[in-house]
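Engineer: Just dropping this structure here.
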Amino acid sequence: CTVIFTRLATRDLHKPISILFCNLAVSDLFTSFSGFWISMLFITNPDITIFGSQDMLAPYALYTTSILSTIYNLVSIGIERYLAVAESMRTRFRVARSHSIAVVSVNWLLAFSLGCLPLLGWHCLPAGSSTSVLYSPFCVNYLVFVTLPNVAVAFLVPLFTYLRIIIILRKRKLRMQACGQAAGTYRSAETQVARTSISIWLLALASYAPFFAGVVFDATNQRCHTDLYPGVYIFRNCTAILITLTCLGNPLLYTLSLRELGAKLKALRCLSPGRLRACAV
């Protein structure tokens, strides 16, 4: 919420990439909200989160939609960063605000289309042979259908874009050094991109890899819920915690550092005329 408020209230942050950053924060907010909804259902009636119920379809659908939207936003940010530094033939392709708005709309449309399929009938109520053990009443074939292609997109596309960014920046730095020009700016940019991309991979690996492992376990498991209680559900809860930590880490990695965020909030507090002189001091 802090990132969203800061992005909307600060005029100099209304840029195409800022729209993607703000939308990423919205996706993380929905993920946290749906996770809190599922947690409250677990506290009030733990059995429905284990054996499945009609009441779990809506929160799980929102949870799936939010995760898919987050994945698509991360991919979009990686592509936008690549287009920002890559040269296409003689000119550089510039991403306009209209492009970012269109990408955000497509991301949410695709996320809702895939995430709400269980609400449209693709579920296992009453319980059937393909019921998910971890995420009842979802079907295993639905989880596999949603997870496998999106995992491939979430890892392969950013891998290509960030590696290409690093290669392009390195070539430009070497070209400038050959011409006798200072390359400090490019060296700093290359280091920053490399550090950010490594952080992206570590955070994605720590949070979404266990979720993917849970789906694979669901697809290969042949035992019933009671045989796996409670260990497999502790693993499921830990996976949800890791995804929530990703929601906390994304704004810091892609948007603002803590120091910059504090400076922006301080600037917003200084907008009133009575505080301008004090803030200047």
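Yeah, the Cβs are placed from backbone N, Cα and C, and that goes for glycine too.
Annotations in TrEMBL come from automatic prediction, not curation.
It should be emphasised that the depicted structure is a prediction, and the values quoted were computed from it without experimental measurement.
Pasting the feature list from TrEMBL:
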DOMAIN    1-254  domain 'G-protein coupled receptors family 1 profile'
TRANSMEM  17-40  transmembrane segment
TRANSMEM  60-79  transmembrane segment
TRANSMEM  100-122  transmembrane segment
TRANSMEM  142-167  transmembrane segment
TRANSMEM  198-217  transmembrane segment
TRANSMEM  233-256  transmembrane segment
Engineer: Please determine whether the transmembrane segment (17-40) and the transmembrane segment (233-256) are in contact (criterion: at least three Cβ-Cβ distances under 8 Å, sequence separation 6 or more).
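Structural biologist: Answer yes: the transmembrane segment (17-40) meets the transmembrane segment (233-256) with 3 or more Cβ pairs below 8 Å.
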Engineer: Who are the long-range neighbours of the transmembrane segment (198-217) in its own chain, taking Cβ under 8 Å and residues 6 or more past its ends?
Structural biologist: 74, 78, 133-134, 143-144, 147, 151, 154-155, 158-159, 162, 232, 235-236, 238-239, 242-243, 245-246, 249-250, 253
Engineer: If we skip the immediate neighbours and take only residues 6+ beyond the ends of the transmembrane segment (100-122), which ones have a Cβ under 8 Å from one of its Cβ atoms?
Structural biologist: 16-17, 19-20, 23, 57-58, 60-62, 64-66, 68-69, 72-73, 76, 80, 137-139, 142, 146
Engineer: On the 0 to 100 scale, where does the mean pLDDT of the domain 'G-protein coupled receptors family 1 profile' (1-254) fall?
Structural biologist: 78
